[in-house]
Amino acid sequence: MDSAIQIGSTAHHNSASAPAPAPVPAHACSGTLGSHLARRLVEIGVRDVFSVPGDFNLTLLDHLIAEPELNLIGCCNELNAGYAADGYARAKGVGACVVTFTVGGLSVLNAIAGACSENLPVICIVGGPNSNDYGTNRILHHTIGLPDFSQELRCFQTVTCIQAVVNNLDDAHEQIDTAISTALKESKPAYISISCNLPGIPHPTFARDPVPFFLAPKVSNHLGLEAAVEATAEFLNKAVKPVIVGGPNLRVAKAQKAFLEFADASGYPIAVMPSGKGLVPEHHPHFIGTYWGAVSTGFCGEIVESADAYVFVGPIFNDYSSVGYSLLIKKEKAVIVQPNRVTIGNGPSLGWVFMTDFLSALAKKLKKNSTALENYRRIFVPPGIPLKREQDEPLRVNVLFKHIQDILGGDTAVIAETGDSWFNCQKLRLPENCGYEFQMQYGSIGWSVGATLGYAQAARDKRVIACIGDGSFQVTAQDISTMIRCGQRTIIFLINNGGYTIEVEIHDGPYNVIKNWDYTGLVNAIHNGEGKCWTAKVRTEDELTAAIATATGEQKDSLCFIEVFVHKDDTSKELLEWGSRVSAANGRPPNPQ
């Protein structure tokens with residue numbers, strides 16, 4: 001290590017007779033802004049940065065490439081680079097992307113908004129204008145033609161937890177460190193703009209090896225924690241048939257271990273909200289399925305809604321997760337546990353009580369009660385067996401997902417695109433350690449292509465299985481190219497049903513029909529003989545079985561793209577029910593004024 005601190009301390013090792021060392025120029029022991037940012041990204045766990053080059057970020061990209069522990073991945077467009085950083089953050093805990101000023105920033109904005117809605121710390125770095133141009137009244141290219149450069153910043157203020165415009169070396173160190181640590185603390189994206197002329201300049205504030213920053217652990221208010229645990233234990237111990245429902249904010253609170261402790265100690269059945277799928281262990285003996293109101297998995301909704309107490313751990317209630325506001329849940333029976341607050345029925349609501357502390361402490365105070373679980377086991381009937389098929393009968397969606405279920409294991413992860421894949425993938429039973437991701441709060445169609453790229457890059461030990469509708473695929477298809485370049489071995493099931501099926505079930509019209517593509521032909525053209533890629537078209541169950549055997553056998557090290565043809569009206573029954581309820585919620589007439 002040759003940081004400033006070490007150099008200063010060498011004086012102690014010199015004997016009295018030795019000549020005094022020549023003064024070291026300040027910049028010799030300094031790093032540059034670019035190298036400092038690169039080291040910080042490595043320190044927080046980022047190994048891959050998704051980027052699109054543009055003249056304002058090129059020298060910064062040189063510094064990221066020069067960092068031996070960072071891998072720069074060029075994407076086909078900024079939107080996909082942002083989606084990839086989102087997918088990467090889901091697997092690694094943090095992600096990063098680098099784009100150019102305004103023209104790149106406004107392209108990546110939608111992906112960063114999605115990461116914000118899903119509480120993902122994504123570091124969005126933008127190469128900004130030359131530091132000398134600020135405040136000069138000049139008009140720059142890549143902008144909207146006004147001498148005010150703040151348009152991009154103003155857009156990002158609403159979708160990031162912190163914004164740093166670095167156009168001065170003296171406080172660049174503090175700005176970068178504060179932005180990164182705030183993103184990690186708040187589990188939200190951060191925006192960092194870096195003037196294009198600064199990355200290569202050494203400065204004494206940038207030690208070659210930066211001192212790692214330390215995030216202080218959050219500690220619950222002790223009195224609040226005690227009060228919350230006492231009140232909740234009393235509330236639950238007098239309930240007859242309590243249940244637990246896990247939600248998406250389990251991720252933010254990093255509380256999966258404490259959740260398990262609580263579930264084991266209580267004996268209550270465990271359900272999961274649709275957007276929490278993948279955060280709750282489905283191989284657990286108390287697991288009863290997805291609670292999603294009227295479209296819950298079999299017998300799960302009835303058990304949850306008939307309970308006299310329910311503990312919702314990290315829920316997000318919105319019009320989609322509440323099936324158009326139709327959940328039969330009563331506030332007075334609910335304990336709502338959020339990352340830093342607990343609310344008990346209509347009673348107390350205690351803040352600065354952290355989910356992990358609370359669940360662990362509560363586990364020690366509960367009487368075991370398996371009444372609701374026994375009730376579930378009494379009424380449960382296994383799902384129906386798909387009907388016997390005719391020879392060469394067209395493939396049905398429920399048959400497709402039966403085969404996808406069979407290839408899941410602890411070394412796989414499922415990425416479900418917005419659309420009917422939400423509902424079909426929701427019914428998959430996840431084996432231990434099987435990953436699962438989808439974007440329910442933001443629901444941006446096309447998200448899964450970039451997210452699959454990012455997730456697969458972060459989780460090298462897992463084979464990603466992505467389920468994508470044809471309509472969504474058309475939005476972001478081109479980054480299949482980057483997956484092939486990175487040597488990824490994802491299996492993509494492209495479900496070709498001729499349009500935006502989820503929109504059809506909410507409100508149909510000619511705009512929901514799309515131009516059909518030769519999807520495998522497109523992927524073959526992108527492959528172009530470089531890298532490992534294999535494609536297949538599938539119309540029957542026999543063809544599907546053969547394609548899966550090839551994808552998991554001789555082509556197991558290739559990107560496998562399987563285009564599955566299904567009837568445009570072949571949807572999950574849950575989508576039909578959900579679509580009509582969401583449509584009713586969207587179509588409510590205005591209240592009389």
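Along the chain as shown, the residues are counted starting at 1.
Using the three backbone atoms N, Cα and C, a Cβ is placed for every residue, glycine included.
According to TrEMBL, the features are:
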- ASP470, ASN497, GLY499: Mg(2+) binding site (BINDING)
- 9-23: compositional bias 'Low complexity' (COMPBIAS)
- 32-137: domain 'Thiamine pyrophosphate enzyme N-terminal TPP-binding' (DOMAIN)
- 229-346: domain 'Thiamine pyrophosphate enzyme central' (DOMAIN)
- 439-564: domain 'Thiamine pyrophosphate enzyme TPP-binding' (DOMAIN)
- 1-23: region 'Disordered' (REGION)
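Mean per-residue pLDDT, taken over the domain 'Thiamine pyrophosphate enzyme TPP-binding' (439-564), amounts to 93. The binding-site residues examined here are ASP470, ASN497; by Cβ neighbour count within 10 Å, the least packed of them is ASN497.
Secondary structure of the domain 'Thiamine pyrophosphate enzyme N-terminal TPP-binding' (32-137) per DSSP, as helix, strand and coil residue counts: 54 helix, 22 strand, 30 coil.
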